[in-house]
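In TrEMBL this protein carries:
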ACT_SITE  Cys5  active site, nucleophile
BINDING   Cys234, Cys380, Cys429, Cys432  [4Fe-4S] cluster binding site
BINDING   Ser281, Asp343, Asp344  Mg(2+) binding site
DOMAIN    5-219  domain 'Glutamine amidotransferase type-2'
Amino acid sequence: MREKCGVFAAVTENAPRKAYYALMALQHRGQESAGISVWKHRIRTVSGRGLVSEVFRNGEIARLRSGMAIAHVRYSTSGSPTETQPLEAACCGKTVAVAHNGTLTNFLPLRRHYEGLGARFRHSVDSELLGISFLRHFRETGDEFEAMGAVFEEVRGAYSVAFLFDGKILVARDPVGFRPLSYGRGDGHYFASEDSALRLFVDETRDVRPGEVFLLSEGEVENRVIARERHHHCVFEYIYFARPDSTIDGVNVYLARVRMGQELAKESPADGDVVVAVPDSGRAAALGFSQVSGIPYSEGLIKNRYIGRTFITPGQFYRELKVRLKLSPVKEVVEGKSVVLVDDSIVRGTTMRRIVAMLRKAGARKVHVRVASPPIRYPCYMGVDIPTRHELIAAFGGVERVRKAIGADSLAYLSVEGLRRAVGMKNLCTACLTGEYPEWAFKV
Ligand SMILES: O=P(O)(O)OC[C@H]1O[C@H](OP(=O)(O)OP(=O)(O)O)[C@H](O)[C@@H]1O
Ligand SMILES: NC(=O)CC[C@H](N)C(=O)O
Ligand code: SF4
Ligand SMILES: [Mg+2]
């Protein structure tokens, strides 16, 4: 599973520079490209492929002076991975810059519909449709809130989105609230996919409500909830995607992960001498498992944090080498021990299979694998790039088949009920685990 995009918007002094720092805090959500758009009598965008530090390294920020900016880090889920955001959409004599996190489920039929009406799409990315639909409805209604209401009616799927146009910024979260989006007010108005990025600038933050729209111009802000649906927050934000120091829809990510580990220890105890986490994302759950089971937690695996995303891995030999370079066991911690190995999730099983073998080689007597989320069996259509079903190790066959494939002495996953208890929220999307997709995302 790959990261999802990060979105930022602000109306404040030095908005582009703040956007740059916010993008750094959101870098974990997308590493393919980064971009910032500002308003200076017209839209001006600087964007490029690579990490934030690679895209903005030649003083571009100093040249982008403005009191308003929207920004994006991208992990593509639609269209070409070489495109960048914010992207510009044009329709009805106007242009809007769009920064979007999510995926639109009815993109293709709607694109055809708009092309039939004479709209010209310049990008391959679904996000452009949000801009075209908004501009079209804005021309009809002359009111930004009404126009966004029409977008909510028309465009299905997941979208936390920021628009920049005509010296204004509009920020909206889809009526179901799949993707996170936070708002903070201080010396200006700030929005970001995760509140951990906002806390660079403000102390108080809150979630943008599903179906809520903000309209900002210099000195003015107006917000309204204009659509209501049953909420379905993406449970994978809590399991794996978001930063542990983020709080999404009132639930802190780190604490939710600890509770996932605690629930897992209650449901599926293991006979072990030491609890070891798969770093980085498995740490909080391993701690929770240790707390409830009473088995001591130890750092038995060390992660090399300098392995970049551009690490090229042709052929099996180098792929194996990469895993060994990325993670290595602490022999003294695992030798002769029955190890309870905890990770947040198993997707293809590549990581787990190699780690189990690695621990055995380092002298572990037994390896009991405990996974702090249920098996991933179904694709996501709401913005998370889950491999095709035949690549998902748990998609077909039961837990025993997975245990054999990864070579563990025992294997257990957290139940869907245990996961819900751990997050402590009723309205969660769990479609990739259960195959039950939220209706709104597909209703046309
Ligand atoms: O079954 P697989 O296809 O191998 O993928 C699953 C692994 O990938 C993720 O971690 P990742 O390596 O992205 O690193 P992180 O935990 O440090 O974020 C996840 O936490 C699992 O460890
Ligand atoms: N990861 C995302 O949220 C992707 C946003 C958009 N669908 C794109 O492909 O650029
Ligand atoms: S299907 Fe899974 S990854 Fe996709 S939105 Fe739902 S919970 Fe998140
Ligand atoms: Mg991991």
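Each residue, glycine too, has its Cβ placed from N, Cα and C.
All TrEMBL annotations are machine predictions without curation.
Confidence in the domain 'Glutamine amidotransferase type-2' (5-219), given as mean pLDDT, stands at 95. Residues Cys234, Cys380, Cys429, Cys432 make up the record's [4Fe-4S] cluster site, and a Cβ search at 8 Å around their centroid adds Phe178, Val235, Phe236, Met382, Val384, Thr430, Ala431 from the same chain. For Cys380 ([4Fe-4S] cluster binding site), the nearest neighbour among the recorded positions Cys5, Ser281, Asp343, Asp344, judged by Cα separation, is Cys5. In this structure, the recorded positions that sit close to ligand 3, with a C-beta under 6 angstroms from any of its atoms, are Cys234, Cys432, chosen from Cys5, Cys234, Ser281, Cys432. Taking a Cβ distance under 6 Å to any atom of ligand 4 as the criterion, the binding-site residues Cys234, Ser281, Cys380, Cys429, Cys432 reduce to Ser281. In the three-state DSSP reading, Cys234 ([4Fe-4S] cluster binding site) counts as strand. Taking the mean position of the Cβ atoms of Ser281, Asp343, Asp344 as the Mg(2+) site, the remaining residues of that chain whose Cβ falls within 8 Å of it are Ile239, Tyr240, Ala277, Val278, Asp280, Gly282, Arg283, Ala285, Val342, Ser345, Ala372.
Closest in space to Cys432 ([4Fe-4S] cluster binding site), of the recorded positions given as Cys5, Asp343, Asp344, is Asp344, taking the CA atom of each residue. The Cβ of Asp344 (Mg(2+) binding site) lies under 8 Å from the Cβ of Ile239, Tyr240, Arg257, Met260, Val278, Ser281, Gly282, Ala285, Val371, Ala372, Ser373, each of which sits 6+ residues away along the same chain. By the rule that a residue counts when its Cβ sits under 6 Å from some atom of ligand 2, the recorded positions Cys5, Cys234, Asp343, Cys380, Cys429 yield Cys5. The secondary structure of Asp344 (Mg(2+) binding site), as reduced to three states from DSSP, is coil rather than helix or strand. A helical conformation is recorded for Cys432 ([4Fe-4S] cluster binding site) in the three-state DSSP classification.
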